[in-house]
Structure formats: C-alpha cells, structure tokens
Amino acid sequence: MSGWSVNDHKNYTNPPASGQKRPRNETGNKVIVVLGAQWGDEGKGKVVDLLATESDMVCRCQGGNNAGHTVVVDGQSYDFHLLPSGIINAKCISVIGNGVVIHLPGLFEEGEKNEKKGLKGWEKRLVISDRAHIVFDFHQEVDGMLEAQRQAQEGKSIGTTKKGIGPTYTSKASRTGLRVCDLLADFKEFSVRFKNLAQQYQSMYPGLKVDTDSQLKKLKEYAEKLRPMVRDGVHFMYEALHGPPKKILAEGANAALLDIDFGTYPFVTSSNCTVGGVCTGLGIPPANIGDVYGVSKAYTTRVGIGAFPTEQLNQIGELLQTRGHEVGVTTGRKRRCGWLDLVILRYAHMINGFTAIALTKLDILDVLDEIKVGVAYKLNGKRIPHFPSNMDVLNKVEVEYETFPGWKTDTSAARKWADLPPKAQNYIRFVENQISVPIKWVGVGPARECMIQLF
C-alpha cells in the first residue's frame, strides 16, 4: 500500500489553483484546414486567401516550393511556392512548419519577386520552424538526374518539379538531413555535416559537382537573414493554440491523390498532403483540427504522367485545357483534363473527413452542350467499392458516367446562389449528394469576389 491517502491523490491530479486554472477539457483554438481533393491545382490558394483575410495565422505544413498557388488581389497577381498565401494579409502571421522542406535561395527569391509587385514587410510576418529540413542545391540537381535516369530506364519519369523535394525528404528519412536549427547553431559543425552530406551524394552520383565552399558562404549569409524569423515550432504552435482566441488556418500543398501514402503511387509527391500531415507537419494534436475544407475543380486535371480514368483525349479535353488556362504554376506544363471524378472525391473524403467542399472553375463548363460526371469505376463489368491502389488496375477501370445538360450561360458574373442557372445548381447539388459533403463555395472566376458562398 502506498503512503498516499485519497486526498493526496485528489490534490495531485487537481493541484490547488495558482492564479487562473485552465478548465481540463479545453482543447484550445481550432485549426481550419484547406486541402486539395484531386491532383493539385484545384484553386486552394483562392480558398486560403478568402479565409486568410480574417485569419490571425496561416501555416504551411508539408511540401516545399514544388507547390504553386496564385492569388489575385486588386488586379495584381501573386505567385507563392513556399510562402503561405496568408503573407498578403498585413495583419496575419505566416508559419512554415517543421514538415516543410525549405530551399533558402528559393524562399528569398520568392519574397523579393513579390516585393516588386507590392508585397511589403513579409519577413516580419513570417515564422519558420527550427525543425524544418533544408533543401540544398545538390538536392535539386540530383532530382533532375534521378528523373533523367527513370526516363532512360523505364521510358517514363514521375514528372517531378525538380525542386529537390523528394531527395530532401529522402535525406530526412535516412537521418542525414540538415535542419534550420543546425544552420543556426554552431556553423563549424554544420559545415562538417554539410560536406559529409555533399560527399555522400557525390559518391552516389559521380556526375554531381558541388562547390561546397561557395555553397557554405551563401548558407552563412542566409542564416543571418533567417535568424529573426526562426522559432521553436512546437512551442510557438502550442502558445498560439492555447493563448487568446485566434483564427488559425493550415494551407495544404499538393493534394490527396499526390499523397505519398494515399496517392496514385509512384506518381505522387514525397509528403503527406492529407489531413494527418497537418498534425505531424506543425506539431499539433488531432483535437485541435477544426473544419477541413476540400477543394475540387468542377472538372479534373492532372500534371505529368500517371493514371487518369476520366481524362478526355479529345476536343472536350482541349476545350477544358484552353478555357481553363490549364498550365502548371510551378512547372509551366500543360495540364491533362477530363470530367469530374466523384470516385476520387469520395476517396479523398474517406481519408480527410471533409466538413465542406469548395467547387472551383464552374464557369469553365459554361459553353458545354452536355456535361458528364464519373460516378463509379467498373472492373470486368462489376462496380468496385474502393479506389484501386495499384496503377495497372487503375489504368484498366471503366468509368460509369452520369450525363447532364449544359447550362450554356455565362456564370462568371454570378455572386450568389440565385444568380446561377438552374442546370448549374442541379449539377452542384448532384455532386453534393453523391459525395455526402456540403458544397460551401462555388468559384466562377479568378478573383476573390468570384467565390460564391452558399452557407
């Protein structure tokens, strides 16, 4: 028997109030999450931008400058790759979490480029987690070499953006990576580890040239520019969640079908771009995740290669491509286009648990006589209840479509639900019912005011 009385136990679990005691069940502020529900390029930047206008914090939690978000404010178009889209809002703190991989030249270049367009004081609003891994120039070179090698061996590449993201996550997983906290600590020690990492890469890739001295000189300069922005990310997020009420937003990069675990592997990115990545990429508990908004286009696009069941290799596909200006923000590649695929959206919802959906670029469908929606996949004539994990299987599925009459009306001036033609309303309601997630926004153009809010 321990020498503890019942009262001792009570006092131990409920210590006497010193100052104000926090109620035990309070989880703190919630983080609103915006995630891509297809293969990326869904218009997440727009939704984030809409929400960021009233947010106190906007956070990136995974990926790197392989993402590309375009935000249009007052007719000025800003392109963000590494900076959270909330950086436009002067009252908002932007956070780059530990799950993000950071190419320092890319970060400062992006800041300066947007500064020329009128973005002011971004360095003062940016917080970077000290646990984020660093993308070095040789990671980027290796990315290109690996892609060339895949092309030579299999006749197909995976369509990487060659931004060094995959190789950096590889270094992270093989415990040889270097983090922001290493760069800001003892620079001598950092230099030794940097040289070792570079050597390791050169032994694996004999064609790789690395000028370590000039690289280290640059890195030392970046270290000083970076220092004022760096915080312990875990402590910073905890304080934000448990301090005064705040609106906190997490901006997903890439999308569900590019997720390293749940995407169309191997044609995927190298991080988790589903909801779990928010917790691990920022260091926050699941209890602090609030609404999860999925973003989907009113049709489907994909950049690079990989299975794409509803792809239209015909005039419809070309029309969507030209009308939708479907060219990648980061790569400049033409995107492949096809009908909306609800099997994909349902699958993304299974993983992410969307509380609502933003359906973007509805206006691109304005000119079509009829519009199809993929509602199920069949294999050997039988419907399958899941989304195939194997690419060969996914390439073989037959899509079952539901066909709708087009509305043949310009929707780009619509600003509320009632402004949309009944046939467009019908299309939206059908999607909503099929995936069992309410649609909260409908996008009919590139600007902020083109997002119709339904509830």
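Placed from the backbone N, Cα and C atoms, the Cβ positions cover glycine too.
From a predicted model like this one, the values you see are computed outputs, not experimental measurements.
What TrEMBL says about this protein:
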ACT_SITE  Asp41  active site, proton acceptor
ACT_SITE  His69  active site, proton donor
ACT_SITE  Lys172  active site
BINDING   Gly40, Asp41, Glu42, Gly43, Lys44, Gly45, Lys46, Gly68, His69, Thr70, Arg335, Lys361, Leu362, Asp363  GTP binding site
BINDING   Asp41, Glu42, Gly43, Lys44, Asn66, Ala67, Gly68, His69, Thr161, Arg175, Asn254, Thr269, Arg333  IMP binding site
BINDING   Asp41, Val329, Thr330, Thr331, Gly332, Arg333, Lys334, Arg335  substrate binding site
REGION    1-26  region 'Disordered'
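Distribution of TrEMBL features across the structure.
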residue: Asp41; record: active site, proton acceptor; Cβ neighbours (10 Å): 28
residue: Glu42; record: GTP binding site; Cβ neighbours (10 Å): 27
residue: Lys44; record: GTP binding site; Cβ neighbours (10 Å): 26
residue: Asn66; record: IMP binding site; Cβ neighbours (10 Å): 27
residue: His69; record: active site, proton donor; Cβ neighbours (10 Å): 23
residue: Thr161; record: IMP binding site; Cβ neighbours (10 Å): 23
residue: Lys172; record: active site; Cβ neighbours (10 Å): 19
residue: Arg333; record: IMP binding site; Cβ neighbours (10 Å): 13
residue: Lys334; record: substrate binding site; Cβ neighbours (10 Å): 13
residue: Leu362; record: GTP binding site; Cβ neighbours (10 Å): 24
Note: among binding-site residues Lys46, Arg335, least Cβ-dense neighbourhood at 10 Å is Arg335
Name the one residue among Gly332, Lys334, Leu362 whose Cα is closest in three-dimensional space to that of Gly43 (IMP binding site); these are the binding-site residues.
Leu362
So which one is it: of the binding-site residues Gly40, Gly43, Gly68, Gly332, which has the fewest other Cβ atoms within 10 Å?
Gly332
Return only the integer: C-alpha distance in Å from Lys172 (active site) to Asn254 (IMP binding site).
19
Given the recorded positions Gly40, Lys44, His69, Asn254, state which is nearest to Lys334 (substrate binding site) when distance is taken between Cα atoms.
Gly40
Any idea what the Cα distance is from Gly40 (GTP binding site) over to Gly332 (substrate binding site), rounded to a whole Å?
14
Tell me, in order along the sequence, which binding-site residues from Asn66, Thr161, Asn254, Gly332, Arg333 have their CA within 10 Å of Lys44 (GTP binding site).
Asn254
Would you mind reading off the Cα separation of Arg333 (IMP binding site) from Leu362 (GTP binding site), to the nearest angstrom?
22
If one measures from the C-alpha of Gly332 (substrate binding site) to the C-alpha of Gly68 (IMP binding site), what distance in angstrom results, rounded to a whole number?
10
For Gly68 (IMP binding site), the spatially nearest of the recorded positions Asp41, Glu42, Lys46, Arg335, Leu362, using Cα atoms, is Asp41
